[in-house]
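Asker: I grabbed these lines from Swiss-Prot:
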- 417, 418, 419, 472, 570: L-serine binding site (BINDING)
- 448, 449, 450, 536, 537, 538, 539: ATP binding site (BINDING)
């Protein structure tokens, strides 16, 4: 009976035991459950995470990491455990960009990459690199041989010095003994005389023993004198050998110094030639030769595209004409003749609209997407441009400051994008893994010569300027999570266009169009009504560890140091978005000569304090 009661109690208590082991669930805004398990059941927790990761794969894409961290911190569970969820996703893309190690292991892939990018003219760089690497290796082998020879000579000198000291000690000891023996010889005659005077037989025997001992010592002294001569000869030979070895060692040191200088110069040449090679493309990048080969991923608000063949929109004014119309038209006239082609000025409400756009973009990225706002320098060193991949390929597109001006003893340039300034803030840095990702947003003027694109329809107005405004986004991540944050950055850039209600499309660039430092690149193109085409307003690139290797930017996890991955994108190009707003938000005109009025987008009205901008004619 007692046993049956125990069994009955176990049956009742078993469900409570099972429920106590179930996860605690917290519901987030996206109706996705984040599961946080009791810390005591660590082993069971890991197995459960692996299984739930497959079921709830959307969790990674829908839940913001900072939100996860906030929840986990409230429940006394470290954010690193939530990061483990991200890290366990399968990464199909490459984790490594172009590097010297990659080149040595996969020279054929580097050749294929150049051909895929249409950069066959750089194949001679590969030949040069192989030659330089072989030459460097030969020099290193020769240097190592000389070092080994120097070590052998050093050990030989030590042995010679040790032996010399040994012989010197023997000589010093023999000299001391000789002086004692001479004293003994002086007393021999005295001892003989004493024996003659003594009549005691026992005393005579003792004296004879002393005489025999003294004679024996005298014989030893004569032998020591001969040994001293031999030791002196050995010492002389050792000194000669030591001098010869020192001369040889000095020559070896000079040869090693010369070889090491050659190795340093070869490394610089290898590095310079390696800089000419672009990043390795990911497999998903389509092959192509022209922009027509780009892959269109999706459209947004395609139905809102304004078609000029529609009678309602016959009187849309191009933005390049609008920016020439100022309220204070009696002050400004013939501006283009005074400032040159490729430059624009904005006055009053249009200038305010540009500032409103910048503020809206920065506030959105800082407040909604939790970026850190950084105002970075607009003048950088030459090496900074090498680190991010603008040099050596795009030197003719950069504005170089006069040779008389130096920055950190280097040539100085105006930045083509604030990406250069932001990333170089982390040069030679090691970041703790728990601080990743680092998300930065910056607004700056950007300077480009645009030598090949300064004329024609596609370069009018705000579409292509020598100086333009841009909001830049930078993510520094670890190698496992860069694809995840890359997708997020693209969504963050497109969010701005969605808030402005501007039609756009997302385009995956083909192998020819993909930027030099990128492994993959998506362009965000918005609709420009006056030209009836999409124009690029953002270019989002994942550079993998390509830039981080040049910057020597690493993150530390446990006992290992790995190169970071860098992601960049515009969030957005201010001038082009402004041009689209000036056309997209025009209030319909009944006739061509009617005053142009522009409706301010809803999200910008709080910055402008007005709903409509009126543009007057000159």
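Any Cβ shown, glycine's included, is placed from N, Cα and C.
Help me understand the surroundings of these features in the structure.
Answerer: Annotation note: residue 419 (L-serine binding site) sits in a helical segment as assigned by DSSP. Using a 10 Å Cβ-Cβ cutoff, residue 419 (L-serine binding site) registers 29 neighbours.
For residue 538 (ATP binding site), the number of other Cβ atoms no farther than 10 Å from its own Cβ, over all displayed protein chains, is 29. In the three-state DSSP assignment, the secondary structure recorded for residue 538 (ATP binding site) is strand.
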Asker: Take the C-alpha atoms of residue 472 (L-serine binding site) and residue 449 (ATP binding site) and report the distance between them in angstrom, rounded.
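Answerer: Rounded to the nearest whole number, the Cα-Cα distance is 19 Å.
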Asker: Work through the binding-site residues one by one (417, 419, 570) and name whichever has its CA nearest to the CA of residue 539 (ATP binding site).
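Answerer: It is 570, whose Cα lies nearest.
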Asker: When you tally the Cβ atoms that lie within 10 Å of each candidate's Cβ, which of the binding-site residues (417, 539, 570) has the highest tally?
Answerer: 570
Asker: Can you check which residues sit near residue 418 (L-serine binding site), meaning Cβ under 8 Å from its Cβ, same chain, 6 or more apart in sequence, and list them in order?
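Answerer: Looking at Cβ-Cβ distances below 8 Å from residue 418 (L-serine binding site), excluding near sequence neighbours, one finds 376, 378, 442, 443, 444, 446, 470, 472.
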Asker: For the L-serine site given as 417, 418, 419, 472, 570, which other residues of the same chain have their Cβ within 8 Å of the site's Cβ centre?
Answerer: 420, 422, 442, 444, 446, 470, 471, 473, 474, 568
Asker: Among the binding-site residues 448, 536, which residue has the largest number of other Cβ atoms within 10 Å of its own Cβ?
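Answerer: Answer by Cβ density within 10 Å: 448.
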Asker: How many Å separate the two farthest-apart Cα atoms among the ATP-binding residues 448, 449, 450, 536, 537, 538, 539?
Answerer: 19
Asker: Other than its own, how many Cβ atoms are within 10 Å of the Cβ belonging to residue 537 (ATP binding site)?
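Answerer: There are 27 of them.
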Asker: Round to a whole number and give the Cα-to-Cα distance in Å for the pair residue 417 (L-serine binding site) and residue 448 (ATP binding site).
Answerer: 9
